[in-house]
Amino acid sequence: MSIDQRLQLITRNAAEIITIDELRKKLESEEKLKGYIGFEPSGLFHIGWLIWTQKVKDLVEAGVNMTLLRATWHAWINDKLGGDLSLIKMAADYTVEVIKNYGVDTTKLNIVDADDMVKEKDYWALVIKVAKNASLARIKRALTIMGRRAEEAEIDASKLIYPAMQVSDIFYLDLDIALGGTDQRKAHMLARDVAEKMGKKKIVSIHTPLLVGLQGGQRMSITEGMEEDDIQAEIKMSKSKPESAIFVSDSREDVERKIMGAYCPKGVAENNPILQILKYIIFPRYNFVKIERDIRYGGDVEFKDYEELERAYIEGKIHPMDLKKATARRLNEILEPIRKSLERKPEFEEMIQKISKSVTR
């Protein structure tokens, strides 16, 4: 695979690369690059996470040595699953199982547990050094990476450790690339700034889009005056808002019901969850999407790329109901092997029930 091909694969469907020039230089160096994503085991896996899962798959295929950090302690600090570490660890196992059955070759991933990292005194020394090189105001601004607002830091002082831990994860693992959703931008920018002060390697940040919740843009009125990345974090699909999300363990019928009830105004692309599912989840997996229609309405039509489909939708050539039916059909095809895998393992069924009762913000 050429450098241009690797670059195209790595950047496909990314919301932001900081910076593209630095990424190209790293690829041109011909050194084996190391990347990572850290995930909080915080509940059921919804389809929004498939966006970064696909990007992990892309990075592995592009020859990047990827680390998957099971951020158990981070989830504990963030009060996920009621702060129950045993349940958090179960959720981590479940998440890795989903990633595997999505099609990521987990044998090519370096899977790291935060539980192991925090046992090392060098790790905590690094956390302190990072904190010493960041202002308190900057740390508090970065709390949005946890789904928290700056003022919420007063609730529990441990929250202030979180951003320094995330930056330390990056330095401790000696990474070239940090992958995350756009809600992780503040942490990655903090890592880049602190790297200069500490003489550490400056990461390239790859930010994937946050999938808007099924309610779409209907909640935009509450986001006035917020920064763009914070707006996207506010309206994203969230496991703590089950009505806004499709979970990978949902039945075929539930997926169809949720898709058919989702926000999808005729001719509108902005904050349209159905179009986003097609763009970020379905088209990266399939070469085409078929819209089945009665012959009275033009008959079946196929689209080989997302841009062509979006244009047709904006121009009113595709009805929302037809779009939703096609989306539900393709999405269920993607989710079927994941569902079957989870059904084959009773421990995951029991865990899903426990997690469903324990999901916190």
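Positions of Cβ are set from backbone N, Cα and C atoms, glycine also.
As recorded in Swiss-Prot, the features of this protein are as follows:
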- Tyr36, Tyr162, Gln166, Asp169, Gln184: L-tyrosine binding site (BINDING)
- 236-240: motif ''KMSKS' region' (MOTIF)
- Lys239: ATP binding site (BINDING)
Across the motif ''KMSKS' region' (236-240), DSSP yields 0 helix, 1 strand, 4 coil
Rounded Cα distance, in Å, between Lys239 (ATP binding site) and Gln184 (L-tyrosine binding site) is 17
Counting across all protein chains, other CB atoms within 10 angstroms of the CB of Gln166 (L-tyrosine binding site) number 26
Within 10 angstroms of the C-beta of Tyr36 (L-tyrosine binding site), the count of other C-beta atoms across all shown chains comes to 25
Taking every pair from Tyr36, Tyr162, Gln166, Asp169, Gln184, which the record gives as binding L-tyrosine, the longest CA to CA distance in angstrom is 17
Sequence-ordered list of residues in the chain of Asp169 (L-tyrosine binding site) that lie 6 or more positions away and have a Cβ within less than 8 Å of its Cβ, or none, is Tyr36, Gly38, Leu69, Ala71, Ala114, Met117
